[in-house]
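The structure's right below; bear with me while I get my questions together.
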Amino acid sequence: MNTNSSNMMALAPNTSKKRETVCIFGTGDFGRALGHKMIQCGYHVVYGSRSTQISNLIPKDAEVLSHAEAAQKAAIIIIAIQRQHYNFLTPLAEILHGKVVVDISNNLKLNQYPESNAEYLAQLLPGARVVKAFNTVSAWALQSGALDASRQVFVCGDDTEAKEMVMNIVRALGLTPLDQGSLLAAQEIENYPLQLFPMWKFPIFLSLGLTAFFFFYCLALDVIYTYIYEHNNFSFFIAMTIPNRICPVVALILLGLVYLPGVLAAIIQLYRGTKYRRFPDWLDKWMLCRKQLGLIALAFASLHAVFTLASPLRSFVKWRNAKPIISQALNNKTEPLDTTNAWLSDSYLALGIIGFFFFVLVGITSLPSVSNSVNWREFRFVQSKLGYLTLILCTAHTLVYGGKWFLSPSAYKWYLPNIYMLSLVVPCAVLVVKFVLIFPCVDKPLTRIRQGWERNPKSSEQSNYIINKSAV
Amino acid sequence: MNTNSSNMMALAPNTSKKRETVCIFGTGDFGRALGHKMIQCGYHVVYGSRSTQISNLIPKDAEVLSHAEAAQKAAIIIIAIQRQHYNFLTPLAEILHGKVVVDISNNLKLNQYPESNAEYLAQLLPGARVVKAFNTVSAWALQSGALDASRQVFVCGDDTEAKEMVMNIVRALGLTPLDQGSLLAAQEIENYPLQLFPMWKFPIFLSLGLTAFFFFYCLALDVIYTYIYEHNNFSFFIAMTIPNRICPVVALILLGLVYLPGVLAAIIQLYRGTKYRRFPDWLDKWMLCRKQLGLIALAFASLHAVFTLASPLRSFVKWRNAKPIISQALNNKTEPLDTTNAWLSDSYLALGIIGFFFFVLVGITSLPSVSNSVNWREFRFVQSKLGYLTLILCTAHTLVYGGKWFLSPSAYKWYLPNIYMLSLVVPCAVLVVKFVLIFPCVDKPLTRIRQGWERNPKSSEQSNYIINKSAV
Amino acid sequence: MNTNSSNMMALAPNTSKKRETVCIFGTGDFGRALGHKMIQCGYHVVYGSRSTQISNLIPKDAEVLSHAEAAQKAAIIIIAIQRQHYNFLTPLAEILHGKVVVDISNNLKLNQYPESNAEYLAQLLPGARVVKAFNTVSAWALQSGALDASRQVFVCGDDTEAKEMVMNIVRALGLTPLDQGSLLAAQEIENYPLQLFPMWKFPIFLSLGLTAFFFFYCLALDVIYTYIYEHNNFSFFIAMTIPNRICPVVALILLGLVYLPGVLAAIIQLYRGTKYRRFPDWLDKWMLCRKQLGLIALAFASLHAVFTLASPLRSFVKWRNAKPIISQALNNKTEPLDTTNAWLSDSYLALGIIGFFFFVLVGITSLPSVSNSVNWREFRFVQSKLGYLTLILCTAHTLVYGGKWFLSPSAYKWYLPNIYMLSLVVPCAVLVVKFVLIFPCVDKPLTRIRQGWERNPKSSEQSNYIINKSAV
């Protein structure tokens with residue numbers, strides 16, 4: 001077991017000041033970048049290559065040997081070649097026996113192969129201790145000192161000690177290793193760098209769908225209806241008026257959808273009388289993307305705020321505001337202040353501003369660095385208490401803003417309700433059900449269920465331990 | 001010492017690919033969630049339970065044994081039971097001798113017991129190596145993959161090696177261990193998850209108190225006075241006008257209070273002629289909550305900004321702006337531009353905007369991830385230099401805005417000053433004293449004192465090493 | 001080798017519950033603060049001092065001995081004295097042989113000495129294992145519990161094991177060690193705490209320069225020209241009008257300069273036919289400060305947004321808006337809505353708002369904690385795709401805003417173009433070249449070059465491995 005003793009160099013005391021030797025198979029772009037960085041950090045690097053002729057692209061201080069010779073010199077072998085060439089490693093199985101073999105490969109698309117590259121490598125080399133690592137780092141990130149993108153390196157493997165050795169190298173290169181468990185996690189780690197905001201996909205498509213629907217709804221009611229029946233060409237509403245109608249509506253609906261799954265989960269738990277049964281799949285997925293839904297709602301709310309604040313700059317608004325002033329001047333009279341109107345306009349503005357303020361507060365605590373520095377109780381307080389306060393204020397803002405139109409027949413063009421009425425459906429439903437749920441006669445059994453009590457203990461026959469607890 | 005050798009599995013080389021065995025006493029919610037996660041991460045888990053009858057809630061791959069049998073199988077025993085049942089552990093003291101015993105309990109309220117649960121456990125089991133850990137993690141956080149809340153696990157204990165073993169488990173579970181020192185820290189760690197923004201309490205109550213005071217002050221002067229003497233019903237001022245008066249006033253006072261303790265500390269140090277004497281307690285506490293005070297001031301300033309920008313949308317403001325236009329039209333004349341007025345209005349707007357801009361900059365550097373990526377000199381530069389610049393700009397904004405009212409008798413309704421004058425007291429005092437402090441004849445001795453020089457070295461008789469250095 | 005065995009205390013199993021002994025040379029401010037913190041964390045601290053007379057400033061539980069005696073008691077010696085006194089250590093070279101000697105010193109200015117303090121120490125004590133650490137932590141940060149500034153401790157040294165021992169102490173004190181490689185890195189580590197936003201210097205000076213230039217340009221055209229030829233005193237434009245002209249212009253130019261180096265790099269790579277040759281130095285530096293340029297552009301854009309939104313509050317704008325209304329009233333007619341104008345004004349507002357929205361989004365992903373939680377593909381998507389979208393929207397905003405002035409002779413006062421035309425030069429150039437670069441006939445060879453293909457492989461004769469890859 002000579003190998004083992006040299007393996008432990010990084011941990012065990014030794015007199016040499018040099019770090020251990022690492023072998024890299026493959027002299028491609030990433031293999032060279034990694035080798036270069038390792039040499040900088042004090043490792044001795046040996047490249048295993050088909051041709052041992054030294055290319056001037058390979059770092060100066062590295063050795064280049066045949067694969068077999070290079071592998072014998074090191075306890076850790078990094079495989080910087082593509083999966084389709086892995087089968088050339090089979091003749092080296094003997095030499096690689098007991099060695100730490102690091103798979104750093106990436107695929108071109110998600111789930112390209114039935115098994116992960118690292119598992120495939122482990123099958124080819126049954127005696128080797130395969131570790132998956134480094135695939136999330138780009139050659140550019142390794143090279144450039146000003147490392148803006150992620151420093152996280154996901155590591156997984158079945159051998160704890162081999163994993164520890166690789167994680168020491170990761171740390172030495174100035175990166176942060178994250179242990180992801182056994183080699184089964186390799187599939188997920190290989191998919192990671194190919195992902196493009198997977199948690200955001202559903203919320204973004206949902207909000208784009210809502211936006212498109214309300215755009216055509218508004219276009220029909222505000223532009224086409226006006227053009228047909230009033231012969232006014234308000235096509236320029238497309239630029240500012242309609243976006244500023246869509247944004248608050250989508251924001252309010254999305255905010256309602258953030259709190260709807262929590263309410264549904266409570267109803268399901270109350271109905272079932274236990275928390276030990278898995279929620280329907282759609283509800284689980286919905287719950288996991290609440291943060292993203294909320295942040296998109298915040299984005300729409302911010303756009304609404306800026307659109308509204310910018311409206312006095314619009315030439316249409318200036319023209320509309322001038323009309324009553326000119327007519328007062330022409331009629332030679334000054335209208336007194338309408339106090340009711342002043343109350344209404346000030347109230348919905350104030351409700352909107354304060355609602356938006358709390359919304360931004362909740363959004364700030366979603367920043368990773370902020371949510372990491374609060375404890376669980378504080379996080380729940382902000383996300384749940386302040387979140388509901390935001391929902392209440394924003395719903396009230398909408399109600400006060402448009403209350404006068406509810407009973408006015410002119411608001412029902414083509415017998416369709418104004419979109420702001422549609423926007424109230426989800427948030428009002430959530431608030432009503434939540435209001436019922438906080439009554440003691442409903443809250444008490446729910447709390448007991450969430451603490452583990454079961455109405456019919458026999459009925460819960462789940463095969464595995466599952467906890468279903470809503471974070472709201 | 002069989003125990004020791006198995007203890008070191010995680011660190012020492014070994015041929016087995018499985019992590020070590022961990023024993024969990026107690027099969028409650030948290031015990032099951034922890035066991036489940038550990039099995040996922042490759043540990044072998046043995047539950048110690050009163051009844052060894054296997055419940056279907058317990059993770060499938062775990063063993064369930066009696067407490068004594070389970071404890072003998074592992075070097076680390078996690079106590080997932082409540083403090084009031086700890087005394088059942090006394091008969092097991094013999095078996096637990098030399099073992100690492102992990103206390104994960106939480107209390108229901110702050111400082112519930114005279115000693116921490118972990119210290120109590122250490123008294124019950126004198127031979128065991130007690131470590132406090134995992135109490136800050138919720139069962140939900142362990143279970144859910146999308147871990148938004150804190151990943152930090154505070155660890156403390158008197159035995160370094162035992163602590164290191166527990167921290168290795170924490171890392172393996174994908175969490176971040178933070179060593180908090182000896183078991184004396186357990187009290188604080190047990191209080192941590194019960195806290196609800198403890199550093200924020202005083203600043204929030206202070207700002208709420210100021211808000212309430214100024215609300216009634218404004219209500220009296222702007223609504224009630226106007227109603228009594230001018231017979232105008234301006235009750236709708238409550239919604240927008242009064243909040244937009246309170247917000248800037250509270251923001252400016254709080255911003256002044258951020259820089260006041262630094263100035264007081266300098267005066268105290270100059271007076272005493274040494275930095276080696278502890279500041280009064282209230283000053284120490286005040287200094288520690290300056291960041292929170294500043295952030296609340298920023299929140300009020302932001303509200304002020306949005307309230308002001310939204311004011312052209314108010315129907316009252318539209319009515320008020322229309323009046324002079326109509327009267328000009330009726331009188332058949334066009335007033336020329338009042339350049340002085342244009343200068344004044346543009347100046348206070350520009351000062352306010354630039355002051356707010358720097359305020360937001362300082363606020364952004366308070367984000368944990370940003371303040372972690374700057375060095376000490378940069379942090380001080382932003383917090384102190386840019387902070388004072390903000391204070392100067394915001395004070396100037398207020399002075400220019402209301403300068404004309406100082407000498408106008410109509411501003412002193414009921415012989416009370418306008419609230420904007422009250423808001424200037426603290427920031428002006430701070431700026432004047434700070435201005436004196438940067439004179440070389442004052443700055444030089446202060447700098448020498450802060451570098452360790454003492455005017456009367458004999459007089460400093462503190463029993464312990466204390467450094468009092470203001471961060472301003 | 002007695003030393004070695006005691007060195008390993010932190011890692012190796014031992015029965016004592018106390019951490020190892022650490023020796024500190026020097027009883028100055030920082031030495032005392034560090035010792036105090038170490039005692040808190042369970043270390044035994046021995047001070048080495050010229051006079052062993054115990055001062056009451058030294059922590060109570062620490063021993064104070066002569067330098068030689070103190071050094072013999074510990075395996076780690078922390079040198080808390082200034083560089084100019086290092087030569088007194090030479091007589092102790094024998095005793096310090098094989099010990100871990102930690103250099104924590106800082107200099108007063110950048111690159112004060114030809115070699116770093118740590119390297120100088122290593123020369124004085126050839127047998128000692130010198131490690132650089134702790135110089136980035138302030139005494140105040142060690143002392144205060146509420147640690148807001150950076151917790152990062154940069155560590156470097158030639159001896160891996162010695163470095164690991166020091167990093168364990170760093171971790172035990174609740175700080176985060178960052179291994180920076182060999183002792184060659186000491187110079188950089190010693191310069192770090194003296195730096196004041198080094199990456200920001202060029203972008204800030206550039207933007208200040210642009211601001212100054214455009215200020216005088218505007219002053220001449222808007223104030224002086226108007227005063228001379230139209231006899232209007234518009235000096236108050238200095239407060240709001242001119243800043244709100246400068247801000248968008250500087251923001252747009254800086255945003256163009258963020259994307260210009262990427263475009264230049266592509267042209268250079270296409271021309272050379274290889275990526276394996278180093279870019280000119282100025283281009284490399286420019287590329288490294290793109291993030292800072294972009295954030296300053298965002299700051300100017302935000303100022304522009306707030307200045308614009310605040311403009312209806314200006315008394316000049318109120319006066320200007322009232323004029324046409326009064327003249328309409330006096331002429332007894334109501335002008336109909338000018339639809340073209342409504343379209344134009346709404347379009348540029350909408351383009352500006354949406355452009356600013358995406359700009360803020362890109363800015364948020366520059367926060368360290370956000371950019372750490374996205375993968376490389378997502379980071380590139382946001383910074384490149386969304387960044388270009390921002391540039392296109394902001395350029396379109398400017399074009400639509402001022403399109404009507406291009407052909408109007410009155411816009412060319414003194415034959416000089418309006419500054420908004422100057423602002424379009426850089427962004428339009430970038431967009432045109434980028435548009436050409438995405439044509440397949442240009443994009444294909446570029447992609448192949450970036451994947452490592454070379455047009456004339458012989459021509460690349462670089463001596464060392466260099467990767468030049470633009471992140472755009």
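Each Cβ is built from the backbone N, Cα and C atoms, and glycine gets one as well.
So TrEMBL lists these for the protein:
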type: DOMAIN; residues: A:21-107; note: domain 'Pyrroline-5-carboxylate reductase catalytic N-terminal'
type: DOMAIN; residues: A:249-394; note: domain 'Ferric oxidoreductase'
type: TRANSMEM; residues: A:204-229; note: transmembrane segment
type: TRANSMEM; residues: A:249-271; note: transmembrane segment
type: TRANSMEM; residues: A:292-310; note: transmembrane segment
type: TRANSMEM; residues: A:348-367; note: transmembrane segment
type: TRANSMEM; residues: A:388-407; note: transmembrane segment
type: TRANSMEM; residues: A:419-442; note: transmembrane segment
Would the transmembrane segment (A:249-271) count as touching the transmembrane segment (A:419-442), i.e. at least 3 C-beta pairs under 8 angstroms with sequence separation of 6+?
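Answer yes, regions in contact.
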State the non-local partners of the transmembrane segment (A:204-229) in its own chain: residues 6+ outside its ends, Cβ under 8 Å from one of its Cβ atoms.
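Those are 197, 235, 237-238, 241-242, 245-246, 249-250, 253-254, 257, 292-293, 296, 300, 413-414, 416, 418-419, 422, in sequence order.
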If we skip the immediate neighbours and take only residues 6+ beyond the ends of the transmembrane segment (A:292-310), which ones have a Cβ under 8 Å from one of its Cβ atoms?
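Cβ under 8 Å, 6 or more out: 199-200, 202-204, 206-207, 240, 243-244, 247-248, 250-252, 254-255, 257-258, 352, 356, 359-360, 362-363, 366, 387, 394.
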What average pLDDT is reported by the model for the domain 'Pyrroline-5-carboxylate reductase catalytic N-terminal' (A:21-107)?
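For the domain 'Pyrroline-5-carboxylate reductase catalytic N-terminal' (A:21-107), the model's average pLDDT rounds to 86.
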Work out, from DSSP, the number of helix, strand and coil residues along the domain 'Ferric oxidoreductase' (A:249-394).
121 helix, 0 strand, 25 coil
Just to be sure I understand, if DSSP states are collapsed into helix, strand and coil, how many residues of the domain 'Pyrroline-5-carboxylate reductase catalytic N-terminal' (A:21-107) fall in each?
33 helix, 21 strand, 33 coil
